[in-house]
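Beneath this line is the structure, given in structure tokens, with notes to follow.
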Amino acid sequence: MGVEPPPDTAVHNQESDPAAAVVVPVEKETETETETKSDMAKTSTSLPQPAPSWFTPKRLLVIFCVINMINYVDRGAIASNGVNGSPRVCTKTGVCSHGSGIQGDFNLSNFKDGVISSAFMVGLLVASPIFASLAKSINPFRLIGVGLSVWTFAAAGCGISIDFWSITICRMLVGVGEASFISLAAPFIDDNAPVTQRTAWLGIFYMCIPTGIALGYVYGGWVGDGFGWRYAFFGEAILMLPFAILGFVMKPLQMKGFSPTGTKKSLTTPETNVIEIEVITNDKDVPVSKHTSKEPSRFGLFWKDIKALLAEKIFVINVLGYVAYNFVIGAYSYWGPKAGYSIYHMSNADMLFGGITIIGGIVGTLSGGFILDYMNATIPNAFKLLSTATFFGAIFCFSAFCFKNLYAFIVLFLIGEILIFATQGPVNFVCLHTV
């Protein structure tokens, strides 16, 4: 192709010059090659058709939402009274109760119990930038498959853990598995969502956070009380296993911000949301590091990306605010059921907190996304919505714990959660659009 002339050119040369008769065999050979290439083109065109017709952006959004929800079901389950349980208590006479759940079986103090709840963040913080960096040269779905496989085995490992350190290590590995997915899903959603619905799509995705936590409270309380806390982790591993396998069998997918070097094609239609393996392989042969001799290592490229991120002041401010936000949300989500049981003597704290969280989370997260789209999704408008919702949400949540009346607590805490979760869509919109 590009070396031998096409059949029409060969015939023209033959007519203009008698000596061109030698071209006749070449003409016949070219026709054969053309037919072969035509057959190959038809074959290559027909082969990939079934896959792109199913894995449309909307269906992949649903898959990402289910995976995200299972992630947060795990967060809710380990915080539930059915799984986390209560510590051993000894009376003045020396009579000690066995306790229940993880705290009772491993005789954990509140400090160690808090370490278990936060251990996944170690794996998440370490692995997230690594997975995001690798996605520039490796098919993101393969990375997700690897990560979710780690998550599945780590969740099962929590179920067979024998002491504080074993379950802590497994919780760290759960964070590693989550990192592979959470750092790659949002860019895909932002890239493939309709322009006027980007924040709404992100809102739907992040709605799975409160929904998953709420379902985790209920799931953990039910399984923990009925079968034992270990079976809650086994159930999570079984739920995640099909998605881990799916990551290995799906065709390569190109995501915004993670596309291989030299590829600039945007994926916006069902026909183009899946690309062939050959394209990915070809681009892997030309990594970024080969373009300049001054950057010989992948670590150098990674550090360059980090410095570029730190130079984006809006991004840094947004992330620092999100850190404080998650500090509060983490405390509420993990210690909330315990507080409800201790302060308000709730016999069904898992169910009640699950109900409040799922209503507040769904209403708040969807409302935040739709309101920002209605306001015109810009970074200044996102910050206005963030500051307003966070300020009033904090007031309502703080006020809820100041009342001893259970019904006053429920009403105020529900309003506070709606306002707090309204920030999910806007805060992630700012992160994606400032970099």
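The backbone N, Cα and C atoms fix where each Cβ goes, and this holds for glycine too.
A TrEMBL annotation is a machine prediction, not a hand-curated record.
Taken from TrEMBL, the feature compositional bias 'Basic and acidic residues' applies to 26-40. Per TrEMBL, domain 'Major facilitator superfamily (MFS) profile' is recorded for 60-435. According to TrEMBL, the region 'Disordered' annotation covers 1-48. Annotation comment: TrEMBL describes 115-134, 141-162, 168-189, 201-219, 231-250, 314-335, 355-375, 382-401, 407-432 as transmembrane segment.
When Cβ-Cβ distances below 8 Å are used as the criterion, the transmembrane segment (382-401) is approached by residues 321, 325, 328, 332, 339, 343, 368, 371-372, 375, 408-409, 412-413, 415-420, 422-423, 426-427, 429-430 of the same chain, each at least six residues removed from its ends. Beyond the ends of the transmembrane segment (115-134), by six or more residues, the same chain brings 78-79, 102, 108, 143, 147, 164, 167-169, 171-180, 182-184, 258, 298, 301-302, 305-306, 330, 334 to within a C-beta distance below 8 angstroms of the stretch.
The transmembrane segment (314-335) shares the most Cβ pairs under 8 Å with 407-432, out of the stretches 141-162, 168-189, 201-219, 231-250, 407-432.
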